[in-house]
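See structure below.
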Amino acid sequence: MGFVKVVKNKAYFKRYQVKFRRRREGKTDYYARKRLVIQDKNKYNTPKYRMIVRVTNRDIICQIAYARIEGDMIVCAAYAHELPKYGVKVGLTNYAAAYCTGLLLARRLLNRFGMDKIYEGQVEVTGDEYNVESIDGQPGAFTCYLDAGLARTTTGNKVFGALKGAVDGGLSIPHSTKRFPGYDSESKEFSAEVHRKHIMGQNVADYMRYLIEEDEDAYKKQFSQYIKNNVTPDMMEEMYKKAHAAIRENPVYEKKPKKEVKKKRWNRPKMSLAQKKDRVAQKKASFLRAQERAAES
């Protein structure tokens, strides 16, 4: 069929239907959302859980949510800006931080449901494929599905780092190794060692060593926060190992105490009747004194 010019007449505007608001804003892929949200009809009121991962300029957000008519309900959430509490003070948006955030989310969720002792996940980080299976006589493994949003799901994306962290933390999420760093599309082989290096931040450490040798100024500029916090390339692996152990030890979110705000009043408060009468009496007395002084002089 050839090119057909759209005639924008009265009928066109009368029948025009706008897309959903979040589609117009470019925030939601409804084609993907429909498939992530719709539950099997024979499961009735059982929620279909999604693991939502969003990467911003300075943070990584991981949430477990399910859909309702009123809107999505968040069951549990973890953020990369919580990682300094566990010893990771720098590089809060890299692949290793994404893994830590996913691990924190999984441990926090299982702790909330009292399943953290049943499903320990993969304690030793190998980078290899691992799947959580339900244990007989115990509650089934918590199953959810990855919601990557509008992120381009290329091999090595940080979204899959968070996924791997959640799976190693004890959540059952369907996945394959094809999108993890270390997968070679030509040979169709997956290198767990390469993936482990990314989880432990060794790719960043190698680049730091390269910059120290090649361009000292570029190193000082790009890794200023690492220098400020005394983080060297040789410390990286140990830092992440300690962080993983600390997350498993205490994944619970601690609420910050509310600050008591003293309200400032910018206008004068209204006077009571007694104050008003007193003010009038003072003005009268002042006026009479002034009159007396004038008469004496």
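Each Cβ is built from the backbone N, Cα and C atoms, and glycine gets one as well.
Record features (Swiss-Prot):
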| type | residues | note |
| --- | --- | --- |
| COMPBIAS | 258-268 | compositional bias 'Basic residues' |
| CROSSLNK | K220 | SUMO1 cross-link |
| CROSSLNK | K220 | SUMO2 cross-link |
| MOD_RES | K5 | N6-acetyllysine |
| MOD_RES | K48 | N6-acetyllysine |
| MOD_RES | S185 | phosphoserine |
| MOD_RES | K220 | N6-acetyllysine |
| MOD_RES | T232 | phosphothreonine |
| MOD_RES | S272 | phosphoserine |
| REGION | 252-297 | region 'Disordered' |
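Most buried of the modified residues S185, T232, S272, judged by other Cβ atoms within 10 Å, is T232.
In the three-state DSSP assignment, the secondary structure recorded for S272 (phosphoserine) is coil.
Comparing the residue listed as 'phosphothreonine' with the residue listed as 'SUMO1 cross-link', their Cα atoms are 12 Å apart once rounded.
Here the recorded positions are K5, K48, K220, and the one whose Cβ sees the fewest other Cβ atoms within 10 Å is K5.
Checking each of the recorded positions K5, K48, S185, K220 against S272 (phosphoserine) by C-alpha distance, the shortest gap belongs to K48. In this structure the alpha carbons, written CA, of K5 (N6-acetyllysine) and S185 (phosphoserine) are 43 Å apart. On a Cα basis, S185 (phosphoserine) lies 35 Å away from K220 (SUMO1 cross-link).
A separation of roughly 32 Å, to the nearest angstrom, links the Cα atoms of K48 (N6-acetyllysine) and S185 (phosphoserine).
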